[in-house]
Amino acid sequence: MRALRAGLTLASGAGLGAVVEGWRRRREDARAAPGLLGRLPVLPVAAAAELPPVPGGPRGPGELAKYGLPGLAQLKSRESYVLCYDPRTRGALWVVEQLRPERLRGDGDRRECDFREDDSVHAYHRATNADYRGSGFDRGHLAAAANHRWSQKAMDDTFYLSNVAPQVPHLNQNAWNNLEKYSRSLTRSYQNVYVCTGPLFLPRTEADGKSYVKYQVIGKNHVAVPTHFFKVLILEAAGGQIELRTYVMPNAPVDEAIPLERFLVPIESIERASGLLFVPNILARAGSLKAITAGSK
């Protein structure tokens, strides 16, 4: 685990908050119970009118965007989760979902679900089932199907290929599955359990002493194989206290005998490695936060 933590050294970047206000509106329309995610703040963005003109330059941002902008963050709001898609890797940057006891029960039947392409993603940038065929990797859910038994549509949505990543079968079916089960079990102790899951592509120092970010790609669409996965659990107690549990696992076979707490890492490590920010959004609403790390109680 020391090596794992030492590897989490990528620079931090954009935050998680830009999507959550839209999520709040959609979930209110669906009469979902209020929770932490709906109260997280949207990150401030300067309005175009506030940008000073440059002498001799374009008359404003509108002129620069005359023929459109080549790419924007691809946010996807599903029945059961919100996802930010990365067209470069053919997968998600992160997926956010809310777990509650009543959502873990229902008529959702995994046998009625099939992995399928996400037609909302441009054909140039989407994964297909053919990419996984013969690759040796599982189609590993980010938002787990078992988290959303409350409706068939909610479970179906977890089978979009935009919500999966190439995952070593032993990890997917054992240690990672155990972490998903543990996440669900926390709904018995907490009022709301928010889960953010995503891939990591971590650097490794090689024989020449230099560090490189290297990862495999599969299929004709070059779907990126993460080196690691993270899972951030934001736990909201009935009294309003917020607890944070943050995990990283390598995309490799992991001995099931290793306790899950061995994979706890400081949230700062995930923020630096993923380019996401969690703590500022939480503190803006909660005011205080208890982070659980390995060895803490």
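Positions of Cβ are set from backbone N, Cα and C atoms, glycine also.
Annotation source Swiss-Prot lists active site, proton acceptor at His141, citing sequence analysis. DSSP classifies His141 (active site, proton acceptor) as strand under the three-state reduction.
Taking a C-beta cut-off of under 8 Å and a sequence gap of six or more, Asn172 (Mg(2+) binding site) has these contacts in its own chain: Asp138, Gly140. The feature Mg(2+) binding site is assigned by Swiss-Prot to Asn172.
Its own atom aside, the Cβ of Thr128 (phosphothreonine) has 18 Cβ atoms within 10 angstroms in the protein chains shown. Per Swiss-Prot, the feature phosphothreonine maps to Thr128.
If you look up Swiss-Prot, you'll see Ser288 marked as phosphoserine. Ser288 (phosphoserine) falls outside any helix or strand according to DSSP and counts as coil.
The region 'Essential for deoxyribonuclease activity' annotation in Swiss-Prot covers 286-296 and is backed by similarity to another entry. For the region 'Essential for deoxyribonuclease activity' (286-296), the list of distant contacts is 1, 36, 240-246, 261-262, 264-267, 279: same-chain residues at least six beyond its ends, Cβ to Cβ under 8 Å.
Sequence-distant contacts of Arg110 (site 'Essential for catalytic activity'), defined by Cβ-Cβ distance under 8 angstroms and a gap of at least six in the same chain, are Ala145, Ala146, Met155. The site 'Essential for catalytic activity' annotation in Swiss-Prot covers Arg110, and the record cites similarity to another entry as its basis.
Taken from Swiss-Prot, the feature transit peptide covers 1-48, and the record attributes it to similarity to another entry.
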C-alpha spacing of His141 (active site, proton acceptor) relative to Ser288 (phosphoserine), in angstrom: 31
Cβ contacts of His141 (active site, proton acceptor) (under 8 Å, same chain, 6 or more positions away): Thr158, Asn163, Val164
